[in-house]
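Asks: According to TrEMBL, the protein has these features:
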- B:12-31: transmembrane segment (TRANSMEM)
- B:94-297: domain 'ABC transmembrane type-1' (DOMAIN)
- B:96-118: transmembrane segment (TRANSMEM)
- B:130-154: transmembrane segment (TRANSMEM)
- B:174-192: transmembrane segment (TRANSMEM)
- B:228-254: transmembrane segment (TRANSMEM)
- B:274-300: transmembrane segment (TRANSMEM)
Amino acid sequence: MTVTDERTGAAAPVSTTPLLEVRDLHVEFHTRDGVARAVNGVDYSVNAGETLAVLGESGSGKSVTAQTIMGILDMPPGRITQGEILFHGQDMLTMSAEQRRKIRGRKIAMIFQDALSSLNPVLSVGYQLGEMFRVHQGMSRKQARAKSIELMDRVRIPAAKERIGDYPHQFSGGMRQRIMIAMALALEPELIIADEPTTALDVTVQAQVMDLLAELQREYNMGLILITHDLGVVADVADKIAVMYAGRIVETSPVHDIYARPAHPYTKGLLRSIPRLDQKGQELYAIKGLPPNLTRIPGGCAFHPRCPMAQDVCATDVPLLHPVGAERGSACHFWKETIGD
Amino acid sequence: MGRYVIRRLLQMIPVFIGSTFLIFFMVYALGDPVAALFGEKAPDPATAAQIRHDLYLDHSLGAQYLHYMKNIFVGDFGTAFNGEPVLTLMGDAFPITIRLTIVAIIFEIIIGILLGVITGMRRGKPVDTGVLLLTLVVISVPTFVTGYVLQYVFGVELKWTSPSVSPSAPFNELILPGLVLALVSLAYVTRLTRTSIAENTRADYVRTAVAKGLPRHRVIIRHLLRNSLIPVVTFIGTDIGALMGGAIVTERIFNIHGVGYQLYQGILRNNAPTVVGFVTILVLVFLLANLLVDLLYAVLDPRIRYA
């Protein structure tokens, strides 16, 4: 039993089943160098109207988990070896391809990082938006066009009517990401997975896009899984955080607790490596070492070779996600010491 | 776009003049059309001079060329040495070769793209390896071998079609010759489509299309194929000219009286007006096909806009 499981009942005031629940998910990739274990037992859940931020370095398995939920993992080389993904309590991994397709876009939608490469370069944005209505709701071209203009207005793209026939390359980066958001929102899904939605944008535009996303999420009462490596983005919009390392969740927590008192040395390291104004002139902290090679994840706690607090036990015993307080969990043998100092 | 077309049309003028002059020079200056007319026999000098005068051959090469060009623009391609106007020969030959080319292009599009999509989506599977090997064989074996083999198998042994084509060359008789003509290009279309599909299947926008919950056929046709076909369409476009000019071998094998046949006869007999006239038209076909391809490119890929 994990902390995530115990928590779901209390965290969901409306219904007892969470909107989405990932249980003990394992995903591996067969590569030339061996089997890369990208996801090694991830548990998390999201309720309607709630934002879960999944935090981690590249290669921590956060995107692979998202792609597995979405059902867009490349298989092969990817393979789901274990686990369940429950949507309204129903395991999506046992559904037929057609059932899953009907959930995609309609119930669960995804926003990708790089809108320029994620939008089809040779189709107009109007066509790509309208496709959602035409395919899923059987609308005529004309109706779909009207709905698409409405959508573009919703995400505040100026002169939507004139720009509906434009192609992705004719928009700026921020506008393109708005189109991605519009496309994800088209059918008012219950859950949106945003995979680094603002990473490719410059800082001022990042804030605008993030605000828009948060606002629309509140309005439609959607669940949101926000995948990011940017702690700054998370603080403003997330309700709870799951920190991932080497395919495992190492810490889960409501958003504010984690900033004040991180319960895992990795989270602590991440927080310390954010540049702060009062440390101007001093050397910036960096977690020593590199993320592990996924084909050769260290035994015991995967983080132990880089951990400043590591003891002998860390190299041999895999720490489970211990409950460390209200709705919090840490996968560290020495969470007490971590949270304490 | 309009300005681009006009510029391209203007650019065609020097290419047209250069290439036609070259062929004119090769036929008229390097060979002796009058001597060819008399074959083995030595011509009577007075008659030869008369013929030279009638055919405008007693002027300088430049003047001859200008004279020829002037006539072309009023639709006079001269007279073949057997007394038939070249224009009449063209009127007979071009419709046949155009029909043959159409059959070949249809084969390229349907079979080439289909095989390309199938192999591109099943890379490394037996289908892929098999088709790839087959294209290699087709590309390596020259047309005059595959042509005769297919003619023998389907025309003589199986009798599915007549081994030679009647003078009127209806479409149904052109199916086998069209396939033979298309074969090498078809193999290239298959390989090009395969590579293009394989490259695009992992593209982000294809992943987006899947994430949108679109049915598989829609993802493949509207998103994957639409992008992958851009280089293929370009290839097929430029191939139109090559097929029309390159039908010489195929037309010989199946006894089709098209452009290739006339050109072959013209070259064999050093029949200058025929050769120059037909090549001039082929040059025009090449140039227009290339322009068409460039314009099509802009239509297919909105990122390319000609100013």
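Note that Cβ sites are derived from N, Cα and C of the backbone, with glycine treated the same way.
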Asks: Top stretch among B:12-31, B:96-118, B:130-154, B:274-300 for CB pairs under 8 A with the transmembrane segment (B:174-192)?
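Replies: By the under-8 Å Cβ criterion, the transmembrane segment (B:174-192) pairs most with B:96-118.
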Asks: Cβ under 8 Å, sequence separation of at least 6 from the ends of the transmembrane segment (B:274-300): give me the contacting residues as numbers and ranges.
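Replies: Residues 1, 5, 8-9, 12, 15-16, 19-20, 23-24, 27-28, 68, 72, 77-78, 80, 86-87, 89-90, 93-94, 229-230, 233-234, 237-238, 240-241, 244-245, 259, 262-263, 265-267, 306 contact the transmembrane segment (B:274-300) from elsewhere in the chain.
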Asks: Would you kindly list the residues that approach the transmembrane segment (B:12-31) from elsewhere in its chain, counting only those six or more residues past its ends and only Cβ-Cβ distances under 8 Å?
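Replies: For the transmembrane segment (B:12-31), the nonlocal Cβ contacts are 57, 61, 64-65, 68-69, 270, 272, 275-276, 279-280, 283-284, 287, 291.
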